[in-house]
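Trainee: Before anything else, here's the structure in question.
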Amino acid sequence: MVDAEMAAFGEAAPYLRKSEKERLEAQTRPFDLKKDVYVPDDKEEFVKAKILSREGGKVTAETEHGKTVTVKEDQVLQQNPPKFDKIEDMAMLTFLHEPAVLYNLKERYASWMIYTYSGLFCVTINPYKWLPVYNAEVVAAYRGKKRSEAPPHIFSISDNAYQYMLTDRENQSILITGESGAGKTVNTKRVIQYFAVIAAIGDRSKKEQTPGKGTLEDQIIQANPALEAFGNAKTVRNDNSSRFGKFIRIHFGATGKLASADIETYLLEKSRVIFQLKAERDYHIFYQILSNKKPELLDMLLITNNPYDYAFISQGETTVASIDDAEELMATDNAFDVLGFTSEEKNSMYKLTGAIMHFGNMKFKLKQREEQAEPDGTEEADKSAYLMGLNSADLLKGLCHPRVKVGNEYVTKGQNVQQVMYATGALAKAVYEKMFNWMVTRINTTLETKQPRQYFIGVLDIAGFEIFDFNSFEQLCINFTNEKLQQFFNHHMFVLEQEEYKKEGIEWEFIDFGMDLQACIDLIEKPMGIMSILEEECMFPKATDMTFKAKLYDNHLGKSNNFQKPRNIKGRPEAHFALIHYAGTVDYNIIGWLQKNKDPLNETVVDLYKKSSLKLLSNLFANYAGADTPVEKGKGKAKKGSSFQTVSALHRENLNKLMTNLRSTHPHFVRCIIPNETKSPGVIDNPLVMHQLRCNGVLEGIRICRKGFPNRILYGDFRQRYRILNPAAIPEGQFIDSRKGAEKLLGSLDIDHNQYKFGHTKVFFKAGLLGLLEEMRDERLSRIITRIQAQSRGVLSRMEFKKLLERRDSLLIIQWNIRAFMSVKNWPWMKLYFKIKPLLKSAETEKEMATMKEEFGRLKEALEKSEARRKELEEKMVSLLQEKNDLQLQVQAEQDNLADAEERCDQLIKNKIQLEAKVKEMTERLEDEEEMNAELTAKKRKLEDECSELKRDIDDLELTLAKVEKEKHATENKVKNLTEEMAGLDEIIAKLTKEKKALQEAHQQALDDLQAEEDKVNTLTKAKVKLEQHVDDLEGSLEQEKKVRMDLERAKRKLEGDLKLTQESIMDLENDKQQLDERLKKKDFELNALNARIEDEQALGSQLQKKLKELQARIEELEEELEAERTARAKVEKLRSDLSRELEEISERLEEAGGATSVQIEMNKKREAEFQKMRRDLEEATLQHEATAAALRKKHADSVAELGEQIDNLQRVKQKLEKEKSEFKLELDDVTSNMEQIIKAKANLEKMCRTLEDQMNEHRSKAEETQRSVNDLTSQRAKLQTENGELSRQLDEKEALISQLTRGKLTYTQQLEDLKRQLEEEVKAKNALAHALQSARHDCDLLREQYEEETEAKAELQRVLSKANSEVAQWRTKYETDAIQRTEELEEAKKKLAQRLQDAEEAVEAVNAKCSSLEKTKHRLQNEIEDLMVDVERSNAAAAALDKKQRNFDKILAEWKQKYEESQSELESSQKEARSLSTELFKLKNAYEESLEHLETFKRENKNLQEEISDLTEQLGSSGKTIHELEKVRKQLEAEKLELQSALEEAEASLEHEEGKILRAQLEFNQIKAEMERKLAEKDEEMEQAKRNHLRVVDSLQTSLDAETRSRNEALRVKKKMEGDLNEMEIQLSHANRMAAEAQKQVKSLQSLLKDTQIQLDDAVRANDDLKENIAIVERRNNLLQAELEELRAVVEQTERSRKLAEQELIETSERVQLLHSQNTSLINQKKKMEADLSQLQTEVEEAVQECRNAEEKAKKAITDAAMMAEELKKEQDTSAHLERMKKNMEQTIKDLQHRLDEAEQIALKGGKKQLQKLEARVRELENELEAEQKRNAESVKGMRKSERRIKELTYQTEEDRKNLLRLQDLVDKLQLKVKAYKRQAEEAEEQANTNLSKFRKVQHELDEAEERADIAESQVNKLRAKSRDIGTKGLNEE
């Protein structure tokens, strides 16, 4: 873009792109590609430098600061050439590395170009100053521009998202991320500004402004100041930091028109309301109010303008240099006005804000001698209570003495000062948070419009990553959110991108960018993660922050790499744990986390809030439900659950919703970078920026953009869009596959063919190539358009020339005609022609114009209706697309639920393992306790033995004492000694008894402990036994199924030879089952047909009854009318005879008078004949026009209806194909996921298989039932449509007849009036006749003119109709071409998906085939296992497909229900039309009566005329000629009178005929309505029956295999019962047929009676008595017929009940057969699973063997290395010995030299200085050599030591490898044992499958027999039917 093109950006141009001059200067700058480099630097990360020299892998360079550095060569990175300076897309850099990206951003930032593209996303750096790049001029310049056509900007990202939304018809999202202070909020505002301005530009003509409110665009923009005032605050890093997250969705209509908007907010930082750090401040709204810009606010809120008067808002800073609080207050207040807030709402918000400030000033103190708090002054409490609409005393009482519920009673609790202060802060935070949420909801209400919306663009602005000195719970939530968003970015940019390459079959090596953050996310949110433990601790009443910390340490310290113990630094707040986030390590302080998470409130004060007189406050807390709130019935559970939800759980729920929304959109990423910590404009802190670039994945994103293919297009779209580049590459006439066409097209273009790749469904382009193709396309289009314009100009010029020639010819003709006219204009006959000619056409054309106008009006209404219908269809299509998006969201939610279920399953498996470990530990403890118990029992026995010995000693002593009592005196000394011994013994005994007691107590304690432990062990063993039993049952069932499967496989191999024939047999079984299902459906259909016929006969009987009643009523009416007609006719006859007599007398007189006026009479007759002819022509023309208009109207309506049906069909086809496409994609995903799941866990697979089989059976039954109901509904709909069409056609015919009759009536009345006027004129005078002649001529002229006008209107109408038809044809072709094209594309996608699926299956088979190289003996078994794995995958895919098809069927059923409701509404409307027609019929009757009255008046007037004629005859008696003329007039009048009477009679007859038709139509309407209601009831009953059947199927599936025998016996019993029921049904049917035959006879007789009645009606004048007798006969027969019909109805109901019973039993039998078949298939699937496990184990064995071999090779290599090292060591030792020898030699030489030196000294003393100098030089050389040799010797010693260490390491490694080899060998042996065990299990499963197969065949045989019997019974029923028909026809013939 040159400077002239940049002029469109105005003053923003230099801030967006380099000028041409700068580019030229950069290109001429000196640059050496080999010397100009980047080198690393400690402070600046990297600096520019020039290479001075290169030596030995090191480079010496001079930096740009003049410093010389030496670095390794691999640390030196090349600079890019000067033309890449300040490049707009860093993906285009030649050398892509960290310093290149850093310096490009730095240089652009220095020129204030803050936006830079980085591959697929945009990087922006906060300028910390205002730049003129956001004005309206810049917005207009970016509108509609491609990304490559304009400089990088947030507006370009926004416009691209907008264009993608319109072209791809997909929701978009713009994710603006970065650290706090990086400029996210400003960029969010700019995005919203762009969309608002674009919408305003595009919709200025239709913009409407509500009074008091702004436009929608203004409201969207003004939502920001309001949100910022209440949600933004100053932080350490940002003066205007958003302390909440927001996701703004801007909704657009189908055409891109702005429709509405809504805002979702996340995680408002409530704690800031009452606490701020020193360098921060509270939310802006507090300081805006205190700015005194609106003094009335200070008065209203009872506050001063000093922030330091209020404790809550003055803990940090109170002013910000970059923010003018006064101006911001006015902006906030104005925003409220624009958003439509009322003054009451605004004042309420200000009052609550002021009340929070007063809350912070409330003080409390301890009561004397008590620990309870009391208010220390009530002034602030009074103010806050006044502002909140509360009672101050109640507020203070609620704070100091809240009421707490204890049991069922409320108790007043005393609070200390600390508790009261905490409650005050919590209430202030809760009020502020709820007020903020209410404000967001109120804004959303304002932004919600009723305009249709289809797509949205979401803008996410959420708090950036935060690392403060003091990080609490809020920082954890914010950082966790940023982790999830960064993971979403990484997954979208790196994982999904590369996975798509693999799916599309592009050669691609997966690049691991090391950006997986899942470990940190799992640590926070997974079960037993940080938030889970926090929520668990909140559940326990005695939990504290320290117990929470202890649990964290127990679960994660040392176990998770992201969880660390923090290092507490002096001067910083204490930290309790540290987390390693993607942006750095954060130390968290957990003080108060439990309280913050539970967020408790003082419920006494909350109750006061609910009763507040301030409406806003009471609304905020109206729905608050605390722990003590009484629960209402029916709502208690919901309220309790919602009130207990913690802050962390709510945040996770909102975050998951946000991530789901983002996944359903196409994301655009904007990375905001903070340049420095000091907020200095233009300064880049290199380490800070590099840290952000690394964390944000900027470099990785550029690399994958460079290496990968960021642009991709479907083959069909590419071919359609770029075929224009070379049309010859794709021939027009022949069909070429889209992929081949794209390959040919790209191969024929002059581009780099390495820059693109062909996938399965898309063509992939490297960065920049698609832009080149777009440029080529634009050039090609411009050339084509230029050529078209040239050709168009030529055609237009030729047309203009042709017009000039035609104009010349026309002028010549006109001149010739004028000359001819001038020659004849004075001719008298021509003058007469000029006078008469205009008069002929005027009247006729006026009438034609009137009719044409009416016709035009009708056609216009029809056209408007068709347009409305088209709009409805378009709206319906939009709603269907919306439903598709909703379904995609539901599918995404279902996938998330599935993932959660898998995680829970994994957790359960882990819990099982832990429980088993605990059980093992408890059993070990039990064994220890038992050993201790045994020791104690042994000690106890020993002590008991000692006690018994002591007792025996005591007994002996007592005996001796008794013996020596006699010798007492003699043996006193002995007694004393003995007593002393006794005392000692007693003491010993006492000690022993004490010890015994202690031991007994210890023993008892041990027994108790043992009993407790035994109880625990029993419970654990019970649990273990249950688990083991469950596991054993599962394993037993698996083993049994494996045995059955093995038996089956052996049988199949014996019978068919290989596994493929087995699959064919399974397919045969399925085909048999399908045939059985089809036969069952056929039987059901035939039974339904029988029921329908019976019901039709019932309906016919009821209709006949109704017709009889109506005919009776009609007969009575006809009798009355006949009587009236007789009297009227008698009067008319009498009048006619009188008139005839009078006319005869007049004729006699006239004959005498003669024929004086014969000439006038002849002229009159001619005029009358001409008049009649013109009138007939006019009537014929009008009839013809009406017929053509009706035909055209009908044709137009049919075409519109046909188009509507075609559109519906095309939409259904499109939806079906799209669903099939998504299903194929999901099936492919399911195949891969099922493979992974099979490998992961056997238990998981078994469970999933069972559920899938159950679902498959359920869905299959549902699908069949749904298909039946859908077929019924379609047939009903078709029938109703045909009936409706027939009725509408009949109504049209009736309308035509009625209009014809009304026209006839009008003509007759007109004729009567004309006759009257003519009689008066002829009687009065001859002059009146001349006047009448003139008026008749004038009338003729008017009629001709009217006729001409009508013809012109007709032509105009035909033109309009042809135009409408052409538009209809255009629409039809458009829809057909679009649909065909879309269908072809979807078919191609379907084929490609099928090909991909087939390729995936082939790849799986190939991978499985590789495993067959284990051993030759296992080859056959391995192949079978692989095939079975394929079967498992197919069954899973089939189950998933059935599940999806079931959902599709449910959706189709809902659509049909909707269509049925629409047809019901159409039926009601047609009934309304019928009623309106009946009212019109009554009007016609009234008109007919009025015409009769007019006839009477005419007759009276006729009498008067006759009297006048008699008077005239008396006057003209003298003239015979006059009499003759009057005689002629009399005859003429008589003839006209007869014609009038006949016309009147015909009109009466036609009216009666029309009345009969209308009555019949009403009857048919009523019958249709009754039939529809009956069918609806039947369908409801069938659906209910299907529901019950489904429940029965579920119950039957839940029963075990043990019920199989019972089901077989039940089947036999049912079979017998069915046979009996069939016999009974045959008897009942024969009886019903007899009754039906009799009813038919009676119907025929009734029909004959009706015919007689009709004849009697025609002859009612002659035979009134006969008619009465026939009516009596009809009444008697009608009563008989009603009685017989009642009996017939009872019989039909009985047969219906028996048929339903038989049908139900047949369904149950088929369900049991299906159950057996599903069990068989489940056994087969389980066998496949076991064999898959076997193959997995074999692959593990193979891997282990391979590892063993690798280890052996490593050991060999290590041994060879050791040998080599030993040789080297030996060499080193030899060299060392050689050096040692050399050293000794050198020492010897030194001694010799020393000796020589002595001699030399002596010589020197003797003989000269020169010799001395030489010797000294030689000594120095020798000393140098000695030093060098010593150094070499030391180095050789070091090398020897290194080699010795290397030898030791190698020997140790060989020993380790040997041990690993032994372990692997043991593992191989174990795995082989498992393989053998699995083989045995597979054989047992095969045996069981054989038994089930035999049972299935037996049941199938029984089912076949039952069906044969049903066929026999059906044939008998058909015979009986035929007989009944024959009997009925015979009866009719006899009658």
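Cβ atoms are placed via backbone N, Cα and C, with glycine included.
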Trainee: From the ranges 563-585, 655-677, 678-700, 1184-1206, grab the one Swiss-Prot calls region 'Actin-binding'.
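Mentor: It is 655-677 that Swiss-Prot annotates as region 'Actin-binding'.
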Trainee: Quick check on the annotations: Swiss-Prot lists region 'Disordered' for one of 921-949, 1240-1268, 1907-1935. Which range is it?
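Mentor: Spelled out, Swiss-Prot records region 'Disordered' over residues 1907-1935, not the other listed ranges.
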Trainee: In Swiss-Prot, which of 262-276, 307-321, 757-771, 1357-1371 is tagged region 'Actin-binding'?
Mentor: 757-771
Trainee: Translate the DSSP assignment of T185 (ATP binding site) into the three-state scheme.
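Mentor: Looking at the DSSP assignment, T185 (ATP binding site) belongs to a helix.
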Trainee: Round to the nearest Å and give the CA-to-CA distance linking G181 (ATP binding site) with T378 (phosphothreonine).
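Mentor: Checking the Cα atoms of G181 (ATP binding site) and T378 (phosphothreonine) gives a distance of 42 Å.
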Trainee: Would you kindly give the Cα-Cα distance separating T378 (phosphothreonine) and G178 (ATP binding site), rounded to the nearest Å?
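Mentor: With distance taken Cα to Cα, T378 (phosphothreonine) is 47 Å from G178 (ATP binding site).
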Trainee: Does DSSP give G178 (ATP binding site) helix, strand or coil?
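Mentor: G178 (ATP binding site) sits in a strand per DSSP.
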Trainee: Restricting to the chain of S180 (ATP binding site) and a gap of 6 or more, list residues whose Cβ falls under 8 Å of its Cβ, or answer none.
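Mentor: Long-range Cβ contacts: T235, R237, N238, S241, A463, G464, F465, E466, I674.
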Trainee: Taking the Cβ of K184 (ATP binding site) as reference, which residues of that chain separated by at least 6 in sequence fall under 8 Å from it?
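Mentor: The answer is I176, T177, G178, S242, D461, I462, G464, C672.
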Trainee: List the residues in the vicinity of the ATP site, defined as same-chain residues other than G178, E179, S180, G181, A182, G183, K184, T185 with C-beta within 8 angstroms of the site's C-beta centre.
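Mentor: These residues sit around the ATP site: N126, N238, S241, G464, C672, I674.
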Trainee: Nearest of the recorded positions to T1282 (phosphothreonine) by CA-CA distance, picking from E179, A182, G183, T185, T378?
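Mentor: The answer is T185.
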Trainee: Looking at the binding-site residues E179, A182, G183, T185, which has the shortest Cα distance to T378 (phosphothreonine)?
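Mentor: Minimum Cα distance from T378 (phosphothreonine) across E179, A182, G183, T185 lands on T185.
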Trainee: Would you count the other C-beta atoms found within 10 angstroms of the C-beta of E179 (ATP binding site) for me?
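Mentor: Total other Cβ atoms inside 10 Å, all chains included: 24.
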Trainee: Which secondary structure state does DSSP assign to T1282 (phosphothreonine), in the simple three-class scheme?
Mentor: helix
Trainee: If I restrict to non-local contacts, at least six residues apart, and a C-beta distance under 8 angstroms, what lies near G183 (ATP binding site) in its own chain?
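Mentor: Those within reach of G183 (ATP binding site), by Cβ under 8 Å and sequence separation of 6 or more, are T124, I125, N126, C672, I674.
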Trainee: Is it possible to get the count of other C-beta atoms within 10 angstroms of the C-beta of T185 (ATP binding site)?
Mentor: 24
Trainee: Can you count the other CB atoms that lie within 10 A of the CB of A182 (ATP binding site)?
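Mentor: A 10 Å sphere around the Cβ of A182 (ATP binding site) contains 24 other Cβ atoms.
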